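Pulled from TrEMBL, these are the features on record:
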- 45-68: transmembrane segment (TRANSMEM)
- 67-128: domain 'Homeobox' (DOMAIN)
- 69-129: DNA-binding region (DNA_BIND)
- 131-332: domain 'TLC' (DOMAIN)
- 140-160: transmembrane segment (TRANSMEM)
- 210-228: transmembrane segment (TRANSMEM)
- 264-284: transmembrane segment (TRANSMEM)
- 304-324: transmembrane segment (TRANSMEM)
- 338-380: region 'Disordered' (REGION)
- 344-353: compositional bias 'Acidic residues' (COMPBIAS)
Amino acid sequence: MLQTLYDYFWWERLWLPANLTWADLEDRDGRVYAKASDLYITLPLALLFLIVRYFFELYVATPLAALLNVKEKTRLRAPSNPILEHFYVTSGKQPKQAEVDLLSRQSGLSGRQVERWFRRRRNQDRPSLLKKFREASWRFTFYLIAFIVGMAVIVDKPWFYDMRKVWEGYPIQSTIPSQYWYYMIELSFYWSLLFSIASDVKRKDFKEQIIHHVATIILISFSWFANYVRAGTLIMALHDSSDYLLESAKMFNYAGWKNTCNNIFIVFAIVFIITRLVILPFWILHCTVVYPLELYPAFFGYYFFNFMMGVLQLLHIFWAYFILRMAHKFVTGKLVEDERSDREETESSEGEEAAAGGGAKSRPLANGHPLLNNNHRKND
């Protein structure tokens with residue numbers, strides 16, 4: 001049974017154009033071709049990335065945070081209360097007014113005290129400013145290095161300038177060591193992000209982030225063993241071109257350098273829109289959708305790859321909506337926050353809660369530190 005499924009999964013008609021087999025992609029005459037077995041190394045490399053990340057955050061990002069004067073806000077802890085803690089863990093973090101009244105009677109506290117307890121308890125679960133800074137520092141470092149390495153890998157290749165050459169000779173296209181390591185490192189990094197997503201800073205687009213990581217892992221893996229390597233290197237470099245800008249903006253935001261943060265964010269928004277909403281759909285997707293059909297009839301792998309590319313493109317449109325909304329508020333002088341985050345609640349929000357109906361579900365706020373705040377700038 002398993003052997004049948006295995007044979008069907010690797011059926012050449014699924015992944016390769018007509019009249020070609022996996023035997024055509026076996027190494028010969030000193031030419032090395034991409035193979036699915038190459039990808040096994042990415043799982044131990046992903047674990048290695050997690051170890052390197054741990055030491056990077058401890059010995060590089062933490063001292064850097066101190067150097068940039070990243071200060072943590074003092075958080076008031078919720079006093080021990082088994083009744084309220086049980087409700088918080090089992091029923092929810094945002095009790096409704098009727099639930100607040102019931103908890104008030106059960107715990108012997110006033111409704112305002114119950115609301116205050118839940119507010120402080122929610123703040124305890126929010127990631128610290130240092131944790132967010134260290135995470136952004138790690139991603140900034142990787143994305144910047146990956147972008148530089150990616151450009152070094154592709155800038156001297158003819159298909160970087162003429163995308164028809166992406167498919168010249170496909171799929172009988174040999175690979176070189178720089179392409180191999182670029183692929184393995186990128187795929188390993190995204191595996192490490194998927195492994196650590198449960199412990200990383202959670203934002204409103206948590207589900208979209210999971211979809212993005214899974215889609216990216218599938219795309220990179222498929223493009224390797226189906227020998228879409230030339231297209232894959234272009235796509236990876238394109239994505240890395242804006243990611244490091246966003247992470248650096250976050251770092252300066254957490255450090256309180258608002259002018260620097262805002263300026264970098266505007267640059268990021270411009271680069272993101274150009275690369276993800278212009279170059280990707282009108283150049284890269286055109287290259288992967290139109291040009292292959294000039295050489296081969298469409299096959300399952302062709303549809304699969306472009307379907308996953310479509311998933312990524314939809315995610316880019318989703319994120320572009322938030323980016324443009326933030327940029328618009330910034331340009332118009334309004335307060336701009338990271339639309340994906342939950343802001344830390346302060347004691348001053350107690351009056352707001354009372355005015356809004358006590359324990360009623362509060363509106364989503366950003367994670368304590370707005371990404372852009374045009375009203376409170378600090379000189380760089």
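Cβ atoms here come from the backbone N, Cα and C positions, even for glycine.
Source: prediction; values computed, not measured.
In this chain, the transmembrane segment (140-160) lies out of contact with the transmembrane segment (304-324); the count of Cβ pairs under 8 Å, excluding pairs fewer than 6 apart in sequence, is fewer than 3. Sorting each residue of the domain 'Homeobox' (67-128) by its DSSP state yields 36 helix, 0 strand, 26 coil. Within the model, the domain 'TLC' (131-332) carries an average pLDDT of 92.
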